[in-house]
Amino acid sequence: MGIKFLEVIKPFCAVLPEIQKPERKIQFREKVLWTAITLFIFLVCCQIPLFGIMSSDSADPFYWMRVILASNRGTLMELGISPIVTSGLIMQLLAGAKIIGVGDTPKDRALFNGAQKLFGMIITIGQAIVYVMTGMYGDPSEMGAGICLLIIIQLFVAGLIVLLLDELLQKGYGLGSGISLFIATNICETIVWKAFSPTTVNTGRGTEFEGAIIALFHLLATRTDKVRALREGFYRQNLPNLMNLIATVFVFAVVIYFQGFRVDLPIKSARYRGQYNTYPIKLFYTSNIPIILQSALVSNLYVISQMLSTRFSGNFLVNLLGTWSDATSGGPARAYPVAGLCYYLSPPESFGSVLDDPVHAGIYIVFMLGSCAFFSKTWIEVSGSSAKDVAKQLKEQQMVMRGHRETSMVHELNRYIPTAAAFGGLCIGGLSVMADFLGAIGSGTGILLAVTIIYQYFEIFVKEQSEVGSMGALLF
């Protein structure tokens, strides 16, 4: 059934826009250039407003997810990477549940990737329609069918651009992946902005600067009670404070520390005697994939809940899924869940919120740990990184594990890889929860994604450096 499904969509995959694989080895300088161009296009799209929208000042239901999904409200990047990640989530779940089968052949892998792209385009259209019809840009009946269609087309084209930019990097023209690059850029931009933003916000305490560091100096300069000003700079509510910055730096350090945890399996050449090496199995074996998929799951649940809440407010089942409220203090207008399933799957705002509602905190912890472990373990089966796949790669390189026969390699690798994947996903979820409870800027999930992505790029640079010889040779 699985292979038949991939064969059915094969004609559709053939007409999809595609980036061709490079016919030659791309030099590092070219990769840096293409990566910079990709990032520039993304940042430009983040600043171009959608043409035809009547208003985008209403409460933002996806405010808490925008940092993670690399989206910017009211612009071409309204959807961000959500369609790509959602299609990946759907395909992974279908493959993990054996509803569709993905073979080990390059043909099946290519069809699987094509199906993922096709679903990404379909989801882009679906999300664009939902955004327009739920009134995020104004009343659809007042805007008219033509303007609504124009906004949907803009969102679809922007989503297609994101798909192709991601594919451009993944095909080897650039460094890393587009998804990772866009997420890391968005999160780092948010952290810097929350620290140094010169924007003023009118609070009950008077006019204050949004940036935590600028606000501290402003408070010390304008308040007569310096001790109180210092305390307010560290602990002020509803706006970024220095404790949030300290928590962010602390989480960065902890995640970097855990990045170094790994088990080195001794391997040797089956052809040449005396040639030994190691195969590293990292604690974060699936890197940030679990948290990205978990974010996609929650964001789509938010979309569905918001859509139903707008249309069928007061319905018991709709309220069971999520009840929403608007908040305008301490920043832009935003909607947040106050009851229902969406509330319990959203992170507590601070450690004080954990003490106020321990049931919420407990359910959130269980959900984060369980979903990250599940996604991590199922991802290895569809991404070519399971014990069977690793054993096949080692066999192709004519390498075997020391002290084990070639036929027993899969069994031995199965002792480590699934455990590392599940436990690594569990740790990823745990670190994200810790960051949320400490109040880190950009959310626990965002900080975790930023650190793991930056670390991935550091490893890419080190690898390229070892291949070329020196960083100077890489860049000049």
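In case you wondered, yes, glycine gets a Cβ from its N, Cα and C as well.
Because the structure is a prediction, the values reported are computed rather than measured.
With respect to the membrane, Swiss-Prot annotates Y276 and E464 as residing on a common side.
Here the topological domain 'Lumenal' (310-354) is broken down by DSSP into helix, strand and coil counts: 17 helix, 11 strand, 17 coil. Here the transmembrane segment (118-138) sits against the transmembrane segment (289-309); at least 3 CB pairs are under 8 Å, leaving out pairs fewer than 6 apart in sequence. Using the rule of three or more Cβ pairs under 8 Å, pairs at least 6 apart in sequence, the transmembrane segment (173-193) is in contact with the transmembrane segment (446-462). The residues of the topological domain 'Cytoplasmic' (262-288), classed with DSSP into helix (H, G, I), strand (E, B) and coil, number 0 helix, 15 strand, 12 coil.
The listed stretches are 145-165, 241-261, 289-309, 355-375; of these, 145-165 has the most Cβ pairs under 8 Å to the transmembrane segment (34-53).
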